[in-house]
Ligand SMILES: Cc1ncc(C[n+]2csc(CCOP(=O)(O)OP(=O)(O)O)c2C)c(N)n1
Ligand SMILES: [Mg+2]
């Protein structure tokens with residue numbers, strides 16, 4: 001490395017930050033080690049990058065994931081060589097599933113030094129490869145901008161997702177006159193051909209009883225209004241896809257029936273009412289545990305619109321599959337349906353909507369709520385906590401959910417009102433929620449973020465509470481404590497008839513999560529009565545300059 005900078009040259013570390021900034025990155029999440037010190041050094045003169053420190057790498061990625069999903073922006077994460085990348089992999093897997101646009105980088109040993117197998121060394125690209133869209137290592141400083149530009153383009157082009165770059169120390173510290181390149185964005189807001197649209201419209205009109213499966217691309221393409229208009233035009237009921245990644249459809253819309261679950265027999269029963277399922281930006285019946293029953297009845301045919309052609313015909317053949325942007329397609333499809341369907345369609349749709357209203361989400365909510373009494377004993381029934389929380393939150397609140405059994409009823413009470421009103425666990429890999437809520441609140445500073453997290457799930461990323469306090473974010477963490485892995489206990493009983501679980505209880509010694517949170521600097525309280533919950537929630541809502549934690553003791557079940 002030269003002693004003094006040569007004119008018109010730039011160090012790898014400065015070029016790294018400059019190109020990221022030019023690509024629209026305004027937040028970097030990280031956990032540093034020695035190999036990241038060049039970047040940390042450069043960050044000292046780039047405070048606008050807003051570096052957010054997380055205390056473990058799985059937490060770094062999940063926090064960035066929440067930020068990118070809520071802001072829609074490209075995010076950058078920096079982790080520490082092989083052990084740090086290893087810690088991060090479970091979270092990167094989740095980001096891959098949610099298609100989060102993310103550039104993950106790790107510092108790597110200087111080229112050549114790795115050959116001597118120093119502490120912390122392992123080749124990084126093969127570790128990252130299975131869970132990212134593209135992984136590479138920079139081997140010449142001149143290539144750094146080209147690689148970063150390509151990484152940003154790949155991450156942001158649908159199907160969007162994480163990419164990985166290994167940054168050897170010599171690349172970051174070297175200095176050279178290099179071409180910084182420029183931004184490329186691929187426009188994927190495309191609509192199908194006129195012929196394909198007409199084919200879909202005619203197929204929908206010829207269906208006896210179509211149903212709409214609402215998926216995540218309704219949120220990512222900002223098509224809440226268009227999806228609602230489609231349901232009104234067709235008079236078709238709407239079901240949310242089996243994995244509630246996020247808010248996919250306005251819950252209070254008259255056509256909304258609620259979400260499908262991941263019970264194959266139940267889904268098959270529900271869908272057997274319909275002869276055509278139009279999947280709008282949805283995963284097609286993604287399930288969790290094996291069943292001998294196929295969730296799609298043979299009599300229900302499939303049509304799909306979305307940008308992820310991998311999902312089309314993946315498990316179930318699609319009669320019509322249109323690789324296109326949901327919003328743009330619906331904007332063209334709706335007037336076509338009206339034109340082809342005419343007055344008859346309008347009349348049918350009106351009658352059908354009236355019929356659906358008698359059993360839609362809002363009707364079901366009112367019926368369920370009428371049966372939930374205010375508890376007078378402890379611990380609290382989780383359903384009451386979910387209902388009460390939903391009733392007391394401001395209308396524009398955002399819920400981040402990872403509560404397993406205790407949040408099973410939450411989607412029946414909390415209304416999705418816009419595409420950012422709800423963020424859920426996409427992959428099933430728990431430990432995402434507490435961290436993601438921090439990122440969501442950074443992206444949405446004016447809205448109240450409430451994270452509803454199971455006691456077991458909370459423990460995987462508990463240190464994210466410190467980051468929330470450090471960033472002075474007004475997140476309310478509601479931890480539902482049922483003293484164990486209830487879902488696993490339930491399944492042990494169901495699948496094996498075993499009622500004596502081993503390794504699924506946390507009652508010896510019992511955990512006090514409020515006290516743990518206090519140690520991270522959060523005002524925290526444990527509640528086990530209805531009045532206690534109400535009062536704690538009121539206090540938490542009143543706090544605006546930092547996070548609060550409520551530990552609600554809930555019934556096992
Ligand atoms: C990374 C990861 N590790 C382990 C699991 C297995 N697992 C699924 S649910 C669960 C228990 C969750 O407990 P908690 O959050 O307390 O919810 P509860 O089941 O009590 O409602 C575990 C350990 C997982 N899904 N992901
Ligand atoms: Mg639990």
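The backbone N, Cα and C atoms fix where each Cβ goes, glycine too.
Where the annotation comes from TrEMBL, it is an automatic prediction and has not been curated.
Quick look at what TrEMBL annotates:
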DOMAIN    11-111  domain 'Thiamine pyrophosphate enzyme N-terminal TPP-binding'
DOMAIN    197-333  domain 'Thiamine pyrophosphate enzyme central'
DOMAIN    412-551  domain 'Thiamine pyrophosphate enzyme TPP-binding'
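Residue counts for the domain 'Thiamine pyrophosphate enzyme TPP-binding' (412-551) under DSSP, helix first, then strand, then coil, are 58 helix, 27 strand, 55 coil. For the domain 'Thiamine pyrophosphate enzyme central' (197-333), the model's pLDDT averages out at 97. Note on the domain 'Thiamine pyrophosphate enzyme central' (197-333): DSSP counts are 44 helix, 28 strand, 65 coil.
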